[in-house]
Amino acid sequence: MMDLELPPPGLQSQQDMDLIDILWRQDIDLGVSREVFDFSQRQKDYELEKQKKLEKERQEQLQKEQEKAFFAQLQLDEETGEFLPIQPAQHIQTDTSGSVSYSQVAHIPKQDALYFEDCMQLLAETFPFVDDHEVSSPTFQSLALDIPSHVESSVFTTPDQAQSLDSSLETAMTDLSSIQQDMEQVWQELFSIPELQCLNTENKQQAETTTVPSPEATLTEMDSNYHFYSSIPSLEKEVDSCSPHFLHGFEDSFSSILSTDDASQLNSLDSNPTLNTDFGDEFYSAFLAEPSGGGSMPSSAAISQSLSELLGGPIEGCDLSLCKAFNQKHTEGTVEFNDSDSGISLNTSPSRASPEHSVESSIYGDPPPGFSDSEMEELDSAPGSVKQNGPKAQPTHSSGDTVQPLSPAQGHSAAVHESQCENTTKKEVPVSPGHQKVPFTKDKHSSRLEAHLTRDELRAKALHIPFPVEKIINLPVDDFNEMMSKEQFNEAQLALIRDIRRRGKNKVAAQNCRKRKLENIVELEQDLGHLKDEREKLLREKGENDRNLHLLKRKLSTLYLEVFSMLRDEDGKPYSPSEYSLQQTRDGNVFLVPKSKKPDTKKN
């Protein structure tokens with residue numbers, strides 16, 4: 001045996017390389033890349049993906065460790081569910097000497113940016129809130145403890161005690177100044193935070209309106225400030241027994257706000273007996289006491305109780321109609337204010353929000369749907385005629401028709417109030433807000449005639465065109481040219497006449513077009529109805545013909561069977577229907593034709 005030497009697997013011959021290149025070019029033409037057949041390239045890609053996966057896992061593990069270390073420095077807030085940084089315990093150094101004690105602020109290193117929660121905690125630790133019944137500063141407590149009880153009076157003060165008192169006061173003043181500096185520094189640090197910039201403006205406004213009291217004033221007013229909250233009930237008790245001068249102070253401040261016109265109106269209120277006696281007496285007549293001889297004022301408790309009962313109950317519409325202030329009969333005696341939106345006054349200069357505009361809208365309300373655009377413009381151009389025709393739509397009633405309102409204190413039942421509400425009639429709405437009565441007009445008839453003229457008629461009348469608008473629109477061309485040749489017109493009149501005739505002809509053409517469309521629609525509807533009737537008629541005839549045809553077929557089959565049963569062969573036997581059939585020719589002859597191919601036939 002001859003041993004064959006095989007090439008090592010790592011080495012490839014030139015023929016194999018050429019074959020690989022040929023196959024690769026074919027695969028390239030088919031869309032396959034060379035890396036599919038290259039094992040080393042695939043191995044490199046696999047190792048690269050493996051390294052990327054390991055790097056990604058390492059990054060995730062590092063991120064988890066960082067998060068774990070971060071959350072270890074935080075604590076969970078049970079109220080908000082947020083993670084807050086753990087603050088170290090702040091030790092407050094206090095001076096226990098017999099002079100003055102003050103809480104020192106713990107030093108906190110300044111960071112680039114502070115959290116809002118850190119600042120609030122710093123503020124709470126630096127300036128702890130005290131109760132209402134505690135002294136506002138520890139300095140005052142120590143100062144009050146240092147002063148003996150027998151030295152409180154200036155009569156028994158010795159020179160040594162006075163010197164010690166002066167030294168303690170100087171120490172307190174220096175401590176207060178240092179406290180103020182520390183407070184200002186802390187506030188500046190707080191307001192340097194971006195989240196608290198919105199509070200800076202409020203702090204400035206408060207700094208402008210408030211002042212810092214001096215230490216001497218604080219020491220002298222300490223006792224009064226200490227008992228301020230506890231003295232509120234006594235202050236409430238003294239409100240009832242305050243002097244009338246205190247109450248007049250509010251009236252003076254109110255009168256200083258008003259203008260001179262309003263002040264004169266207020267003075268007229270005091271001098272007007274109708275307003276003082278009639279206005280609102282139905283509302284609070286239950287708790288207004290009669291003026292006695294001693295001139296005693298009703299107690300504030302009774303007034304507040306009656307007022308709460310009045311405001312607690314609902315106000316009915318009938319009660320408003322019974323009130324003299326809401327009754328139009330007493331409008332002459334009431335004083336009206338400028339710019340009133342109460343709905344009572346209709347005089348003087350009202351604002352845009354006043355109910356006068358709603359009154360005007362009700363007088364000159366929306367026109368009937370039959371009005372055209374030209375009539376609407378004509379109504380807008382002639383408001384005087386509309387104003388004169390406005391009260392015509394309102395029914396007039398005599399003074400005897402109105403029911404005199406009665407106060408509810410006289411014991412009337414609810415049914416009487418309802419009947420009074422139904423019988424209460426409306427008065428005539430005035431034409432303008434400044435008039436209480438409808439003005440008399442002499443040219444009412446002519447204004448009514450002008451109110452019904454169209455815009456073209458008004459324009460033709462203004463330009464003195466001698467013939468009516470209907471003739472301009474409806475005349476034929478020859479007659480219109482002849483009529484125009486008889487008169488002399490300027491450019492404005494000619495332009496108006498041409499415009500009126502053009503728009504009139506367009507309007508007539510549009511009407512004729514709509515008319516033709518309607519006629520075509522009606523004609524189509526009629527044709528559709530006729531076609532439906534004819535279709536129903538044909539359907540009925542078809543059904544009848546089908547029934548007749550079915551009856552004839554049945555008769556024919558009966559006759560066929562009868563004739564076929566009468567036929568006999570040579571032996572006298574009847575023919576089988578499965579083997580023979582009858583057929584008729586055009587001349588009326590009937591033949592017995594076998595269904596199978598047989599030459600013999602018989603003639604009947």
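A Cβ is built for glycine as well, from the same backbone N, Cα and C atoms used for every other residue.
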- Query: Which range, 79-82, 203-206, 291-294, 599-602, does Swiss-Prot list as motif 'ETGE motif'?
  - Reply: 79-82
- Which candidate, of Ser40, Ser153, Ser342, Ser361, Swiss-Prot gives the annotation phosphoserine: Ser40
- What range among 185-192, 193-200, 473-480, 521-528 does Swiss-Prot describe as region 'Leucine-zipper'? 521-528
- Task: Determine the Cβ neighbour count for Lys595 (N6-acetyllysine): the number of other Cβ atoms within 10 Å of its Cβ.
- Result: 11
- Item | Largest tally of Cβ atoms lying within 10 Å of a Cβ, found at which of the glycosylation sites Arg568, Lys573 | Arg568
- Message: Quick check: of the glycosylation sites listed here (Lys461, Lys471, Lys486), which one has the Cα closest to that of Arg498 (glycation site)?
- Response: Lys471
- glycosylation sites: Lys461, Lys471, Lys486, Arg498 - member with fewest neighbouring CB atoms within 10 Å: Lys486
- Task: Would you mind pulling the DSSP three-state label for Arg568 (glycation site)?
- Result: strand
- Query: Among all the protein chains here, how many other CB atoms are within 10 A of the CB of Ser40 (phosphoserine)?
  - Reply: 8
- Rounded to the nearest Å - Cα separation of Lys461 (glycation site) and Lys595 (N6-acetyllysine): 105
- Task: Taking only the Cα atoms, work out how far Lys486 (glycation site) lies from Lys595 (N6-acetyllysine), in Å, as a whole number.
- Result: 105
- In DSSP terms, the domain 'bZIP' (496-559) comprises 64 helix, 0 strand, 0 coil
